[in-house]
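Asks: Before I ask anything, let me first share the structure, which is written out below as structure tokens.
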Amino acid sequence: MSHTTHPYQKELEVATLAVKRASLLTKQLSDSIVQTARSGTLTKDDKSPVTIGDFALQAIINHAIKLNFPSDEIVGEEDSQELQENSSLADQVLSLIIKIQQETSVYNDVVGTLTDKNKVFQSIDYGNSQGGLKGRFWALDPIDGTKGFLRGDQFAVCLALIEDGKVVLGVIGCPNLLENIVSNEEHSGVVGGLYSAVKGVGSFYSELFKEGAEPLSQQKPIKMQNHTNPSQLKVVEGVEKGHSSHSTQAEIKAKLGFDPTTVAKQTVNLDSQVKYCVLASGQADIYLRLPVSDTYREKIWDHAAGNILIYESGGQVGDVTGAPLNFGNGRTLDSKGVIAANKEIFDKVIDAVTEIRKSSTPRV
């Protein structure tokens with residue numbers, strides 16, 4: 001399929017411009033948080049910038065979707081109740097939205113504008129879909145990687161389109177991600193990446209803060225590498241230990257033959273779906289997210305956009321048993337953990353996971 005003939009042209013344009021507008025807003029917020037933290041006026045438990053950002057982004061992106069595709073449903077993280085009960089918070093959210101609309105007014109014809117609080121509440125509440133196996137809906141994570149966002153580190157704006165339980169389009173904006181990620185210490189290149197994937201077409205990289213929606217033919221196609229030698233492999237995993245089992249992941253790397261003297265340099269720790277972007281662009285080979293408890297289930301918006309990015313760049317994604325993730329099961333994935341890897345190594349990774357899980361405590 002050529003880059004110019006895929007059936008999701010309009011969807012991709014709307015998703016791209018909505019994510020670009022939203023990403024610019026989050027970049028400004030994240031940078032201001034870092035400045036505030038440096039001045040010593042941000043308390044550790046102050047989550048208000050995240051709350052404001054989440055609400056503003058969900059309103060902006062949901063409005064763009066409903067303006068262009070009124071019959072589409074949206075699975076979103078927030079509802080507007082807290083905002084409706086706090087007029088000061090609502091004023092802050094509306095003010096941010098109006099400001100970013102003025103700064104990105106060139107996008108208004110495509111993604112629309114919000115000018116009053118009631119429209120903001122309504123747009124946020126469009127995200128109340130339960131998803132499911134039939135029909136068409138979008139999955140949105142407005143600020144994926146909250147802790148990275150607060151640190152001024154990695155976070156992502158993630159939007160995916162799902163049809164009959166299958167992801168067909170994904171767009172991930174990574175405001176703080178540098179183009180080249182070699183290790184935890186070595187990052188270089190342009191700051192801000194936009195990663196897009198369309199089913200049957202491929203995965204692509206472009207500069208996030210470049211104005212407009214470039215056609216895929218002008219974007220950089222990205223592909224996973226096919227490394228299998230343990231000395232060449234790199235693993236991406238989360239920063240926060242509460243999100244995945246780092247100790248189990250260390251055992252898996254040992255089982256795969258990683259050299260204990262170099263494994264630290266071969267592991268890149270990143271918050272959010274940024275991990276999928278680094279993997280899809282061939283800068284890492286394996287993504288491990290082992291469950292920290294037997295009952296935890298992932299939310300679909302945490303993985304939908306990343307899932308298609310990996311498949312369309314030549315990789316494979318599954319749960320801890322290797323089974324593909326099912327995005328038609330409602331708002332959560334009915335499976336444990338997430339493993340992604342290049343196709344050459346995927347089965348070996350799943351075998352290692354299976355062996356470690358058999359020999360460890362039942363919770364893994």
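Including glycine, each Cβ sits where the backbone N, Cα and C put it.
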Asks: Name the one residue among E77, E78, E82, E207 that Swiss-Prot lists for the same Mg(2+) 1 site as D141, I143.
Replies: E77
Asks: Which of these, D294, D302, D319, does Swiss-Prot list as part of the Mg(2+) 2 site with D141, D144?
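Replies: Answer, per Swiss-Prot (Mg(2+) 2 site with D141, D144), from D294, D302, D319: D302.
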Asks: With S272 (adenosine 3',5'-bisphosphate binding site) as the reference Cα, tell me which of the recorded positions D54, I143, D144, T146 is the closest one.
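Replies: The smallest Cα gap between S272 (adenosine 3',5'-bisphosphate binding site) and any of the recorded positions is with D144.
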Asks: Identify which of the recorded positions D54, E77, D141, D302 has its Cβ surrounded by the largest number of other Cβ atoms within 10 Å, counting every protein chain shown.
Replies: D141
Asks: Cα-Cα separation of D54 (active site, proton acceptor) and T146 (active site, proton acceptor), in Å?
Replies: 10
Asks: Considering Cα atoms only, can you say which of D141, D144, T146, D302 is the nearest neighbour of R289 (adenosine 3',5'-bisphosphate binding site) among these recorded positions?
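Replies: Nearest listed residue in space: D302.
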Asks: In angstrom units, rounded to an integer, how far apart are the Cα atoms of D141 (Mg(2+) 1 binding site) and E77 (Mg(2+) 3 binding site)?
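Replies: The separation of the Cα atoms works out to 7 Å.
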Asks: Cβ distance under 8 Å to D144 (Mg(2+) 2 binding site), same chain, sequence separation 6 or more: which residues?
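Replies: Non-local contacts for D144 (Mg(2+) 2 binding site): F155, A156, V157, C158, S272, Q273, W301, D302.
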Asks: A 10 Å Cβ contact count, applied to the recorded positions I143, T146, S272, K275, R289: which residue has the minimum?
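Replies: Taking I143, T146, S272, K275, R289 as the recorded positions, the minimal 10 Å Cβ count falls on T146.
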